[in-house]
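Asker: Per TrEMBL, the features are:
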type	residues	note
DOMAIN	33-359	domain 'ABC transmembrane type-1'
DOMAIN	394-634	domain 'ABC transporter'
DOMAIN	694-981	domain 'ABC transmembrane type-1'
DOMAIN	1016-1254	domain 'ABC transporter'
TRANSMEM	30-56	transmembrane segment
TRANSMEM	116-140	transmembrane segment
TRANSMEM	191-211	transmembrane segment
TRANSMEM	217-238	transmembrane segment
TRANSMEM	295-316	transmembrane segment
TRANSMEM	690-713	transmembrane segment
TRANSMEM	733-758	transmembrane segment
TRANSMEM	814-834	transmembrane segment
TRANSMEM	918-937	transmembrane segment
TRANSMEM	949-969	transmembrane segment
């Protein structure tokens, strides 16, 4: 029957709805079936009560007629029997017809006692079944959601890399958090409540048919309109929810991108621009939300209008059946009418459940589409051969390839190349020639479009993927570390290694010394994305991770480009030591942009335009005078590798750089208990929508007073049955029916007003909170983002869920509250006006109804807190995994992350199970209170009627008024979970909004001045990162640079070079000492003004997922940069010619984090971006270290051009790039140990001289 109702309400989509339960086991199904049966029985309780109610009404009417009879002087009472003095009285006929079984006097109190027992019995039954109905469904849903989360995440981790190129990480994170919650809402308690309401609908009609089929049929004739409205609403809401979800996912992707690149956003003052970009995506979602509110308002209004018109028709026709044809007694009329009314009401109340089902179905579609997608390259597949013996010969046979996200650009073009086992093959070539792509094909991140890659003659597509990747060790250009300890990061290389193995690997990678100098050594946490380590340290840990795999094939993708000279020399020597012995049978492929690092390679392959154009040894290729010769000639300063064996142990630089030692208490800093936010403050954010809220509240108030008015009209109709004059009866009944029609029309308009006005104000609030939340995040100082609790994943999740949850305390919720309050107020006034004694008795039960609601709220707030925390931890795992999917795939560690994620899901799952029981108990209690109320109220009403002569009409009026107000209270309390969640979510947001950043980004704070010169001075600066106060990064830095001069910082990894640049940008302030800018202390300077004077090109430039032109425009966010300026800047950065070769030219999309471009291309865009800014100060942080020789030459020329007439600070690991600097400052351990021009320092023959000539250690 229930399934039929579903089909009736979802004509086309019923099959889609049931697919949401595809993860249910037989146990879950059993729980849902039993829960559903309990809901069915619970639904039958109210119609059953009507039978008692009908009998009770007849008893009251009979008693009243009896009292009137006895008031007649012609009648007397003897021995409990009425006798007539005049037999011909027409009333005798009426009485015998109607009440022949009650000729004897009615013992009203005994009758009422019996009815009270009936009520109590039904109430106890309801208590039991309603508990099981909720507990079983919520538990079953918790289990299924757990499975869906696990399956979905596992499937995402199983996808090939090409799929990630086309799906943004931010969007996937939003799906994992929000969309799965929507499915949960659609398959948990809402279903059981829906079944209960549909059951009441069916049994209500049954009670009607048993009592009087004619009246029931008349009412049923109008019912299809109600069903139609509910079905249409569900479909419309589903569609609108789907569109709203899509719009929000886009905004989530923007937020994720911006928060991941916060340093770039801050450096270029892009905070306002990003807030606008985020807001733009929110507008679309808001519009869908408002449409949804309006649609709900119209349909709800229509439903209520029909229901009240039904009342008018039913009472008019029903009273005819009572008075004229005598087919019904007054009690049966009440029973029939209420049965049908209850059925109609419950059908109406089932509609909010349909809304949840529709949202769930829309969300489930996207989730299940992903779950059902078969990955093109399945990393969990057990298929494929595992070779018994691996030699290590790799061959590319005419391979052609383009990235799935950019099918029109050919990356590899008929590439053929042989890499022999046991040899070291170096691949060289300009940026974008397909070197890294070839390596990705070897790892089988992608499959070639044409041709094939073979290992020992076997097509790698026929080999087992996990096994293939286990043979390969890789060190990438931008090594990714995971947010755990150093030891764990290395352990990712190979499961089950001992601590000795780890130590050995770190020694081989020259990382042992710096690790041992950290307070927590191998247990040091590396931070989100390894962000607490300097580039060189990350690189060495990555090399150790690759070496511990004992790989048969070692891929070094420019593995030492992020190291300074000295570390590079040592690491390179170690690598050469490792790869030298051919007897190890290890095949090594290295992609190097520094040609000095590969002159020992057995074979060098030159790449150009996606083809291998030449091959040979170092000397052979120089003689050929081809690609390699050009690159070498351009690179005039080759840093020869030091032969000095002593340097092998020399990496004992006190790496006080940006390594993080996170003290445990920092990580576990008691997650402060969040006090729910005061509603008044939440409403303050809704202040500008007061006209909408006022109109909505008026609509809600009218809707609230409808029920008490109904109580008056209903009891008035019952009262007419005790009028002896038939004509008077008719006149009164017609009057009451006309009033019902008036209420119906009013109800339509007021429901529409409430739906639209609160929909609009709620959506505007959500958008505003998301926007101010996002702005508040962007306003924080950079140090705030170092806290692991503020990782991009956690922040995006909070933006997505908190702001939408806050609607639970405003928007439609305010409507519900105003509605309930008006309802309760009006009802109590009516009740006390007519009988204060009876009102007081009934009132005793109201607190119980209220209490159960409040208790429910209290419990669920606690759960909401726990859930959120637990899901945030899981969110961090999923977010980190998705962001670093390439590294995880390369290490074949997908299953490890899946396991970690599944472990993190245990906590929210356990709390959901606990919640099921408590929610069930509260629900059961609140459901049975109403039956107990009836038992006491009617029993006492009977006493008042018999002993104090109260008219029975008043008893019905008082009881129905107060019970209606009680259900209104119950209704208000049924929203308490949302309300509770809303207050907690708002509190989280307010903590963020109230936080005063330590470095203010306000346009008004601090001084600005005309003719900014760009004179810089660091005076005794001492600094430690806030997340690890025990490591001194800068230790008395003293250096100055005059306007227009170039200052170059030189020193080993982690000596504080990049940190000094960050102090200048005011990402941090020094702990002691000052940074002077034009003679003014930096902390007194206006931050946006200061940053506007600085252009920065960093080591790993961050680009945004938009076009090349927009990325260059980002250089100056204070104005609209014209196309001429963009082209001009691009020409200066030697970028223009490359852009013009692309199909879309400047409108080419660069992909997430610039993934569609090579390193050199990204770097040049970053330079053009800095040039557009026309800064007074230029900061170049190892700006060319990632480039190959050819690009480096062009970029270096671009930089020299850009430096003209500007103060410039360069951080370089390559000494050739800085010899013409005005001042070279050599740093060690956070201080400058010598400074001067290149010639001066060379004459001194101290640290700098040693660096230039040998690359020996500085300190």
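Glycine residues also receive a Cβ, built from the backbone N, Cα and C atoms like all the rest.
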Asker: Report, as numbers and ranges, every residue of the chain located at least six residues beyond the transmembrane segment (814-834) whose Cβ falls under 8 Å of a Cβ in that stretch; write 'none' if there are none.
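Answerer: 693, 696-697, 699-701, 703-705, 707-709, 711-712, 754-755, 757-758, 842-843, 954, 957-958, 961-962, 964-965, 968-969, 971-972, 975.
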Asker: Determine which residues of the chain contact the transmembrane segment (733-758) at the Cβ level, with the cut-off under 8 Å and only residues 6 or more beyond its ends counted.
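Answerer: Result: 290, 293-298, 300-309, 311-313, 315-316, 319, 692-693, 695-696, 698-700, 702-703, 706, 709-710, 713, 716-717, 720, 811-812, 814-815, 819.
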Asker: Is the transmembrane segment (949-969) close to the transmembrane segment (690-713), in the sense of at least 3 CB pairs under 8 angstroms with a sequence gap of 6 or more?
Answerer: yes
Asker: Check the transmembrane segment (116-140) against each of 30-56, 217-238, 918-937, 949-969 and return whichever range has the most CB pairs under 8 Å.
Answerer: 918-937
Asker: Between the stretches 30-56, 217-238, 918-937, 949-969, which wins on the count of C-beta pairs under 8 angstroms to the transmembrane segment (191-211)?
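Answerer: The stretch with the most close Cβ contacts to the transmembrane segment (191-211) is 30-56.
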Asker: Can you say which of 217-238, 918-937, 949-969 has the most Cβ pairs under 8 Å with the transmembrane segment (30-56)?
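Answerer: Highest pair count goes to 918-937.
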Asker: Mean pLDDT, the domain 'ABC transporter' (394-634)?
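Answerer: Summing pLDDT over the domain 'ABC transporter' (394-634) and dividing by its length gives 77.
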